[in-house]
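Peer 1: The feature active site, O-isoaspartyl threonine intermediate is assigned by TrEMBL to Thr11. Per TrEMBL, substrate binding site is recorded for Ser54, Thr86, Asp87. The domain 'L-asparaginase N-terminal' annotation in TrEMBL covers 3-191. Annotation comment: TrEMBL describes 209-322 as domain 'Asparaginase/glutaminase C-terminal'.
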Amino acid sequence: MSVALFTLGGTIAMTGSSGGVVSRLTGAELTTAVPGLADLGVPLDVRDTQAVPSANLTFRQVLDVVGAASRAVTHGAVGVIVTQGTDTLEETAFLADLVWPHEAPLVFTGAMRNPTLAGPDGPANLLAAVRVATSSAARDLGTLVVFNDEVHAARWVRKTHSTSTAAFASPNAGPIGHVIEGQVRILARPVRRGPLPIPADPARLDAARVALYCATLDDDGLLLDGLAETHRGVVYAGYGVGHAPSTLAPVLGALAERIPVVLTSRTGSGSVLRHTYGAVGSETDLLRRGLINGGLLDPYKARALLRLLVTAGARRDDIVEEFANHG
Ligand code: ASP
């Protein structure tokens, strides 16, 4: 009953240098520092993959890890853990979830307090991750984020605090489970969508640039100029339920005639609407102009989905359908 552990760096693996902590601990060093881990008797197949701050990760690197994780499951691992920095974890875990085909859990975790500080949370998070990765209750839930003894669906999780050890939350749904006295308790089972294919051609993925554009007060939209020449899609993080200034509505509409533009909310939780407001720049108006409804997906997750779809050469109708499924 082995678990594959892929390490990608991040605070969980950072130790001191004169200029601040940097990623340098190996997976073997990380696991040695976890009290109680050896008592679980779970063989860990450790693969040190990257030792970077998570800001440096790319779609391609993450998908390569997911591919290797998938092969580990095919070769008998009951579950897989990925340790990485927390800054991009809500994006990487969701990207992995979009393509993860197995019943075996794929668990992402990390730490907010590095190992040189009092009360580092990495060991506790890693121990909880191993418990979840080996739990029969956690099977067929897709990709999970285990943090602070909570289990979050990658589909819903957000990093909501810059320093707290309770940085991860699922504002729309709450955690789907908890680790209580070492037992994994799953309280809700999100519906899984069929996996999208992992892009076979890395060059196509690299070329599939998708922009994220956030609504801000009194923006003249200059940054949107020429975007269709450089990008294959845009996620627009609109105000509230999906609104834009009336001056930007035709600009977004013109863009949507050339590349897919997905409408999301910049608020951090809740869905964009479809047909409640009627002003120019309202959700009704923007959707009529050809923007695609992102539903409950936050802008970062919408961007991950759109980039995979654009890479696969999906047509507008397929993109609309996928967002209806995932959003
Ligand atoms: N900056 C770090 C990273 O994402 C933060 C962390 O690991 O918590 O790599």
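Each residue, glycine too, has its Cβ placed from N, Cα and C.
A TrEMBL annotation is a machine prediction, not a hand-curated record.
Structural setting of the listed features?
Peer 2: Under DSSP, Thr11 (active site, O-isoaspartyl threonine intermediate) is assigned to a helix (H, G or I) in the three-state scheme. Other Cβ atoms within 10 Å of the Cβ of Thr11 (active site, O-isoaspartyl threonine intermediate) number 24 in total over all chains.
Counting only same-chain residues six or more apart in sequence, the Cβ atoms lying under 8 angstroms from the Cβ of Asp87 (substrate binding site) belong to Gly10, Pro53, Ser54, Ala55, Lys159.
If you average pLDDT over the domain 'L-asparaginase N-terminal' (3-191) in this model, you get 97.
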Peer 1: List the residues of the same chain that sit at least 6 positions away from Thr86 (substrate binding site) in sequence and have their Cβ under 8 Å from its Cβ, in sequence order, or write 'none'.
Peer 2: Gly10, Thr11, Ser54, Gly110, Ala111, Met112, Lys159, Ala167, Phe168
Peer 1: Show, in sequence order, which residues other than Ser54, Thr86, Asp87 on the same chain lie with their Cβ within 8 Å of the centre of the Cβ atoms of the substrate site.
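Peer 2: Neighbours found: Gly10, Thr11, Pro53, Ala55, Gln84, Gly85, Thr88, Leu89, Gly110, Lys159.
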Peer 1: For the substrate binding site, please report the maximum Cα-Cα distance among Ser54, Thr86, Asp87 in Å.
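Peer 2: Taking every pair among Ser54, Thr86, Asp87, the longest Cα gap is 7 Å.
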